Amino acid sequence: MSIKSILDHKISRKSFIRGMPAVAAAMAAAPAIQLAQTSAAVASEPETKPGYYGAPRTWMWNPNANTMVDTTKWKKAGPYTIGFSNASISNAWRVAFQHGVLWSAGQHRDEIAHLLVTDANDDPSKQIADIQDLISQGVDILLIAASTEDALDSVVGRATEQGIPVVMVDRKVKTPANYITYVTASDWALGRLEAQWLCETLGGKGNIVMLPGIAGSSVAEIRIKANEEVFSKFPDIKVLEKQYCDWNPATGKSVMAALIQKHGKAINGVLADSALQGYGAIEAFLDAGYKDGEFPPMTGGDVARMYQLANQHNIKMVGIDYPTSMGITGIETALDVLKGISVPDKVEVSFQVVTSPGADTISVKGDRHLLDHVSMSDPGDLSPSNGLPAGYNPSTFNPDYPK
Amino acid sequence: MSAITVDLRRNRLMLSYLIVAVLLVVLAVAGGLLSDRFLTWRNIGNLFQQLIVLGMVSLGQTFVVLMGGIDLAIGSLVGALTVFLANFLEWRPDLVWLALPLALVAATAVGALNGLLTVVLRVHPLIVTLGMSSIIFGATLMYRKEPGGSVPRAFADIAYAKVGGIPFSAVVLVVIFALAGLWLQRTRTGRSIYFVGGDREAARLNGLPVDRIVVLAYALSGLCAGIAAIFLTARTGVGDPRIGAALTLQSVTPVVVGGTILAGGRGGVLGTFLGVLLVTMLNSLLNFVNVSSYYQWVIQGLIIIIAVGIHTTRRR
């Protein structure tokens, strides 16, 4: 992306090449160029925290060719009407995710005339009707978080056939030909990073327990496979147990309590793929009488409470959130498509690698420390990787967006 | 039953229809004012395309409610049938001609079994059908937990196809409703559903085969669920055990909104049809004005309660 293209298309905040360092450098080096609009956008950037804001790492570091989708055939003049069909807002993650979509649309008022939002309450049948309603309303593009991969496949394909571009976000449908691109985060990278960190922290030797999410869900199973790729490189790392915890704090706590009963201090490390069961596990250690400094190193991510507990009890951890900020990226990707800017066939947003102080390993270095990521006063179920302005509180946040 | 009472009842029903019809017009006008795209042919076509599934399960529910029962197994049955259809058609896409009748027969049989159980065991239909719902749901999950299967494109088209600009599914729905209405009014068996619903003992004393009529009403509800499942499978292209979960309660809304009395014996399919239109249009309108679907739930709940309230009060 050149300065020219920035001037042509007011740079979308973290658009696919999210706040590309080269752009920032070029802007700093060329103060004569008055980028009033752009600097206004930068000024409203909430993210002054330490961290990684570059292009998606899986895209940059992909040792193979990235598949870029030419979107010139979808290019049209704005302002646009965007239809957003959400699967539901039935948990804290989904609420923060939707807030990201709405807020991002509000940041792009000059390009977006209307953002029409529907919520399917996790009912695929309703979501099909929702999508048809959005099409009837003449949307220029659809941004869809599918409630199920299969049941929405057909209606999404028919939208594309009718000439309406579709960008999937968070959850896709089965057939890639039915949509342009899919905004997500890499569960493979997440699983490898967490396992690599844990193995290196233990010096390549020790007993660990795995606390994955929901059995059979693709997210949980991919993360497990990625973990196992890493374990296969460390012959002295022994997996004592693998018990699914349904991404549920109560289950995480009771499973961990049973494992502590069974193995006691033989547990040298805990690999939880999310803080949802991760903070439950910390509570189990607390109940079992573990003192600060005695906790085994742990992994997690997604909600503030685990980071807060880890800080409070001096637990070595690495946390990687499945970022709700992909809602923001979703709107930006949709705008790119309508402006005819190429997009990769899969947009994997970067996550922040969060470590407790001194917990960096040779391969896994934190982008930020615990207290850069959350504050002790944040609500426990806050999703920290929301990309929203500082002080974001899901229960009071009411973004203004073009309705 | 004197001619005058019949007349009063008919008027009462007409009044129900009129209320729903007025509400429909109000909604349509409100929609037209709130969004310039709501009253376009495109959206009206789209609305009619969405009618079939809710329409069919509500029609089934109408038969059962008129007869004095309730069918709470509809949702699970539809879910199970979508699983059957999608998996069968994935295995043998060429056997559509066999899969569809099989699904309809199975659906009718499950419905008839519901009826038989209420008749033989004399257990309240609420319990029988709720139990059946649980059995079907559990059995389906044993077979398949996740949505799966697939359907051939030609089959999927029945849900999206249009005949002269009108959605094919809407044509099917209108024809079935018209036939059902005629059957209920003009045939001896159809009318006896009203008799059984009005006063089961009186019907028995009059020599009507009450038990058979009860079984018939539930069987028809099953058949309707079968037709709904066919269109739903075509629409989604997969079998999903959970997809019908919301349908059970949803099937009751148009019935009561349309003036059919939950105690049985009074009402009709025209009211149900208007009720289906109303619910579908309302949900669509709320989408158009960007209202959270939580409100859609609240409003649907309010409509049910108010509708039943109005009909009950007027009866006094």
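Glycine residues also receive a Cβ, built from the backbone N, Cα and C atoms like all the rest.
What TrEMBL says about this protein:
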- B:12-35: transmembrane segment (TRANSMEM)
- B:47-65: transmembrane segment (TRANSMEM)
- B:72-89: transmembrane segment (TRANSMEM)
- B:95-116: transmembrane segment (TRANSMEM)
- B:123-143: transmembrane segment (TRANSMEM)
- B:163-184: transmembrane segment (TRANSMEM)
- B:213-231: transmembrane segment (TRANSMEM)
- B:243-262: transmembrane segment (TRANSMEM)
- B:269-288: transmembrane segment (TRANSMEM)
- B:294-313: transmembrane segment (TRANSMEM)
| message | Would you say the transmembrane segment (B:243-262) and the transmembrane segment (B:163-184) are in contact under the rule of three or more C-beta pairs closer than 8 Å, pairs 6 or more apart in sequence? | response | no
| query | Which of B:12-35, B:95-116, B:213-231, B:294-313 has the most Cβ pairs closer than 8 Å to the transmembrane segment (B:269-288)? | reply | B:12-35
| Top Cβ-contact partner of the transmembrane segment (B:123-143) among B:12-35, B:47-65, B:72-89, B:95-116, B:213-231 (pairs under 8 Å) | B:72-89
| request: Count the CB pairs under 8 A between the transmembrane segment (B:47-65) and each of B:12-35, B:72-89, B:95-116, B:213-231, then give me the winner. | output: B:213-231
| Who are the long-range neighbours of the transmembrane segment (B:72-89) in its own chain, taking Cβ under 8 Å and residues 6 or more past its ends? | 53, 57, 60-61, 95-96, 99-100, 102-103, 106-107, 110-111, 114, 126, 129-130, 132-134, 136-137, 139-140, 143-144, 148-152, 155, 221-222, 225-226, 228-230, 232-233, 236-249, 251
| note | Per the Cβ filter (under 8 Å) with a sequence gap of at least 6 from its ends, the transmembrane segment (B:213-231) is approached by 52-53, 55-57, 59-61, 63-64, 66-67, 69, 71, 74, 77-78, 81-82, 85, 100, 103-104, 106-112, 114-116, 118-119, 158-159, 169, 172, 176, 189, 192-193, 196, 203, 244, 247
